[in-house]
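**Student:** As annotated in TrEMBL:
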{"type": "BINDING", "residues": "Gly69, Ala71, Val72, Asn76, Ser309, Asn341, Leu406, Asp409, Ser410", "note": "Na(+) binding site"}
{"type": "DISULFID", "residues": "Cys174-Cys183", "note": "disulfide bond"}
{"type": "TRANSMEM", "residues": "63-81", "note": "transmembrane segment"}
{"type": "TRANSMEM", "residues": "93-114", "note": "transmembrane segment"}
{"type": "TRANSMEM", "residues": "135-162", "note": "transmembrane segment"}
{"type": "TRANSMEM", "residues": "226-243", "note": "transmembrane segment"}
{"type": "TRANSMEM", "residues": "255-278", "note": "transmembrane segment"}
{"type": "TRANSMEM", "residues": "298-320", "note": "transmembrane segment"}
{"type": "TRANSMEM", "residues": "340-359", "note": "transmembrane segment"}
{"type": "TRANSMEM", "residues": "379-406", "note": "transmembrane segment"}
{"type": "TRANSMEM", "residues": "436-460", "note": "transmembrane segment"}
{"type": "TRANSMEM", "residues": "466-489", "note": "transmembrane segment"}
{"type": "TRANSMEM", "residues": "510-531", "note": "transmembrane segment"}
{"type": "TRANSMEM", "residues": "543-565", "note": "transmembrane segment"}
Amino acid sequence: MSSTVAPEKSTSNAMGPKEVELILVKEQNGVQFTSSALVAPPPPQTNTSGEEDRETWGKKIDFLLSVIGFAVDLANVWRFPYLCYKNGGGAFLVPYLFFMVIAGMPLFYMELALGQYNREGAAGVWKICPIFKGVGFTVILISLYVGFYYNVIISWALFYLFSSFTGELPWVHCNNTWNSPNCSAWADNSSVSDIYKATPAQEYFERGVLHIQDSGGIGDLGRPRWQLTSCLGVVIVLLYFSLWKGVKTSGKVVWITATMPYVVLTVLLVRGVTLPGARDGIKAYLSVDFLKLCEAKVWIEAATQICFSLGVGFGVLIAFSSYNKFSNNCYRDAIITSSINSLTSFFSGFVVFSFLGYMSHKHNVALDKVVRDGAGLVFVIYPEAIATLPGSSVWAVIFFIMLFTLGIDSAMGGMESVITGLIDEFKFLHKHREQFTLFIVVSTFLISLFCVTNGGMYVFILLDHFAAGTSILFGVLIEAIGIAWFYGVDRFSDDIEEMIGQRPGMYWRLCWKFVSPCFLLFMVVVSFATFNPPVYGSYVFPPWANMVGWCLAMSSMSMVPLYAIYKMCILPGKFCNRLAYAITPETEHHLVDNGEVRQLTLHHWLVV
């Protein structure tokens, strides 16, 4: 008998260990017997930094639906149609699409590429230019602040949803305990002074849901109302169980939350266009008044809508794309998702104005009397229109399911930005994602309780006015400058080419380096110049409340200079040496030691 050992078979893998299989060959009486040694499976693949490979989306569609679900939110329904109507109808699409092309899409593309290449959250990606890491904490804070009040909108929708499971909707008459003597139906409003007009739907929202009549202002909040607190608790629980396992769970939830609004919007449009007066409403929505384009305010509002509707600057796009495969075509994703967001806004206008036209026709009043934006549209006007339809309770349930799903996936995106951004920055949290997620959602719930008190609407208005206004524009401006000027458009383009095999064209590079930063700088200046203190109806916020609001806004914006100062203090060497380290990607710090600092050359600043 003789035995030999066959040569080993190895499979090389640059990203992981070699697999070795030993085959023992025995020969006895002219017959060969073989046996294979069992080899343990290789450990998880690691990247070049020695860390385990990042989790990725289960399917490409999970990512696309998550981005669409985040970008398409309540503002698509209650803000864009109103802006179209107020600013020249179809003519408003001219400045809207213009700013979409020169700023919206380029910035959207930039964030998707930034997150996908660096595979970290909003703070971690700034290893490409460490001095700008403060802007990562800025957008994380903004997303956290928005969660304090955005979840409350979802809880309102949930409260209305529960209230709709009844034979008669509670906002159809003035015979309820919460109604005031000023309550009157539309038919009777002609004999009532404009100052005292209040429809049943309006009083249900303000007095039946919010109980704002029991508060004297922001200084008299009262205790949280148990009904809204319970709805808020349900929202928080749903958010936790959607996010606790990362994209493994959230990627499946969006199959429902991101698609349901489109189904409901289509159903509501089919019903709306059959109503009397719907054609007049849609005609007013699409009417073209090009003279409006001569007004600076129209262009400013179009630019503002672009900034906020795409969701750029919240760190969400960076967080979502960081879970993509490295070779994913982020360019195609940016074009698809940003286009769908804008088309959804335009489509929702037909749904909204078909019902507004119906309300105008039914009550024989001018369309201006029923058109409004914000919470008043979806919680007052639309419910009132639905209440007049046959089977009103069914339509109400359908409508508020849509509002709930529109809000929940946007809230999921904001939370994911905070969780991913902090977990990637503080690596020890990776092993405790479930507990950390619980901590974030519970903390958000506790702060949100201020918004479900009797005077909670005043807190809501204050947060809405200051949390993500000027600060988000400032954050995106610094982000664009950091990437296009300090890291370099040419280097950023090289990164994209490495991922998708295609270098961005001159158009994108010019937008990133010149057009988008100038646009954002203009928007920041306009935001400060046109600032108006928040108001709610006839209520004027006291000076101390405005001070609190500005402190909230400055707390996020201050992260940029504070972190830059901190970074300069902890780096070794003289000031010039510290500055060189601070503006050079961490992977190139060895070049600084040799006196090679790309950012200090004229070529770096001139190249596009």
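Positions of Cβ are set from backbone N, Cα and C atoms, glycine also.
What does the local environment look like for each feature on the list?
**Tutor:** Taking a C-beta cut-off of under 8 Å and a sequence gap of six or more, Gly69 (Na(+) binding site) has these contacts in its own chain: Val254, Thr257, Ala258, Asp409, Ser410, Met412, Gly413.
Under a cutoff of 8 A between CB atoms, and with a sequence separation of 6+ in the same chain, the neighbours of Cys183 (disulfide bond) are Cys174, Ala198, Thr199, Pro200, Glu203.
Proximity of distant same-chain residues to the transmembrane segment (63-81), defined by a Cβ-Cβ separation under 8 Å and at least 6 residues beyond the stretch ends, is recorded for 57, 112, 153, 247, 250-251, 254-255, 257-259, 261, 285, 305, 308-311, 316-317, 320-321, 323-324, 328, 333, 336-338, 340-341, 344-346, 348-349, 351-353, 373-375, 377-378, 403, 406-407, 409-410, 412-414.
Within the same chain, residues 67, 84, 125, 290, 293, 298-299, 302-303, 305-307, 309-310, 312-313, 317-318, 321, 330-331, 333-335, 337-338, 342, 346, 476, 479-480, 483, 492, 495-496, 499, 504, 508, 511-512, 515-516, 519-520 sit at least 6 positions outside the transmembrane segment (93-114) and bring their C-beta atoms closer than 8 Å to a C-beta of that stretch.
Residues 74, 121-126, 209, 227-228, 231-232, 234-236, 239, 313-316, 375, 378-379, 383, 396-397, 400-401, 403-404, 407-408, 410-411, 414-415, 417-418, 421-422, 425, 440, 444-445, 447-448, 451-452, 456, 459-460, 463-464, 467-468, 471-472, 474-475, 478-479, 482, 552, 555-557, 559-560, 563 of the same chain, all 6+ positions outside the transmembrane segment (135-162), place their C-beta atoms under 8 angstroms from a C-beta of that stretch.
For the transmembrane segment (226-243), the residues of the chain that approach it from at least six positions outside its boundaries are 151-152, 154-156, 158-159, 162, 209, 249-250, 253, 408, 411-412, 415-416, 419, 437-438, 441-442, 444-445, 448-449, 452, 456, judged by C-beta separation under 8 angstroms.
Only residues 6 or more beyond the boundaries of the transmembrane segment (340-359), in the same chain, are considered here, and those with a CB under 8 A from a CB of the stretch are 68, 71-72, 76-77, 80-81, 84-85, 93, 96-97, 100, 104, 262, 265, 268-269, 272-273, 275-285, 309-310, 367, 370-371, 377, 381-382, 384-386.
Remote same-chain residues near the transmembrane segment (379-406) are listed as 72-74, 76-77, 154, 156-158, 160-161, 164-169, 171-172, 199-202, 204-205, 209, 256-258, 260-261, 264-265, 267-268, 271, 275, 352, 355-356, 358-359, 362, 370, 372 (criterion: CB distance under 8 Å, separation of at least six residues from the stretch ends).
For the transmembrane segment (436-460), same-chain residues at least 6 beyond its ends with a Cβ under 8 Å from one of its own Cβ atoms are 144, 147-149, 151-152, 155, 206, 210-212, 214-225, 228-229, 232-233, 236, 239-240, 243-244, 415, 418-419, 422-423, 429, 536, 539, 541, 545.
Listed as Cβ neighbours of the transmembrane segment (466-489) (distance under 8 Å, sequence separation of 6 or more from its ends, same chain) are residues 107, 110-111, 114, 126, 128-129, 131-132, 135, 138-139, 142, 145-146, 148-149, 307-308, 312-314, 509, 512-513, 516-517, 520-521, 523-524, 527-528, 531, 534, 549-550, 552-554, 556-557, 560, 583, 585, 598-599, 604-605, 607-608.
Panel annotation: around the transmembrane segment (510-531), residues 99, 102-103, 106-107, 110, 300, 303-304, 307, 469-470, 473-474, 476-477, 480-481, 483-485, 489, 492, 608 of the same chain, lying at least six beyond its termini, place a Cβ under 8 Å from a Cβ of the stretch.
Sequence-remote contacts of a segment are chain residues at least 6 beyond its ends whose Cβ falls under 8 Å from one of its Cβ atoms, and for the transmembrane segment (543-565) they are 131-135, 137-138, 141-142, 145, 218, 458, 462-463, 465-467, 469-471, 474-475, 478, 533-534, 582.
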**Student:** Ser309, Ser410: which of these binding-site residues has the sparsest Cβ neighbourhood within 10 Å?
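**Tutor:** Each of the binding-site residues Ser309, Ser410 was scored; lowest Cβ tally within 10 Å is Ser309.
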**Student:** If the Na(+) site is taken as the center of the Cβ atoms of Gly69, Ala71, Val72, Asn76, Ser309, Asn341, Leu406, Asp409, Ser410, which further residues of that chain fall within 8 Å of it by their Cβ?
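**Tutor:** Counting only non-site residues, the set is Ile68, Phe70, Asp73, Ala75, Gly311, Thr344.
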**Student:** In the structure shown, which of the recorded positions Val72, Cys174, Leu406 has the fewest Cβ neighbours within 10 Å?
**Tutor:** Cys174
**Student:** Can you tell me which parts of the same chain pack against the transmembrane segment (298-320), counting only residues 6+ beyond its ends and a CB-CB cutoff under 8 A?
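**Tutor:** Counting only partners 6 or more residues beyond its ends, the transmembrane segment (298-320) has Cβ contacts under 8 Å with 63, 66-67, 70-71, 73, 75-76, 79-80, 83, 87-88, 92, 95-96, 98-100, 103-104, 107-108, 111-112, 114-115, 121-122, 125, 136, 139-140, 142-143, 146, 247, 292, 338, 341-342, 345, 410, 413-414, 416-418, 420-421, 468, 472-473, 475-476, 479, 519-520, 522-523, 526, 530.
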